[in-house]
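Marked as compositional bias 'Basic residues' by Swiss-Prot: 1-15, 23-42. What Swiss-Prot records for 1-45 is region 'Disordered'.
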């Protein structure tokens, strides 16, 4: 059987932590930030853990 390839789109969007959690960037912080409140842009900063229902699917794409 051939080697499984990592899904290149998923590898750019998700990372696995040392403890095995899958993390992602938060949405709505790319552009058009001028009219969004500073409070909202701060809240959308940084990474967050992927929802429990999606973890299995994402790990499969990452061959994890």
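Cβ atoms here come from the backbone N, Cα and C positions, even for glycine.
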Would you list the DSSP helix, strand and coil counts for the residues of the compositional bias 'Basic residues' (1-15)?
6 helix, 2 strand, 7 coil
For the compositional bias 'Basic residues' (23-42), give the DSSP counts of helix residues, strand residues and coil residues.
5 helix, 3 strand, 12 coil
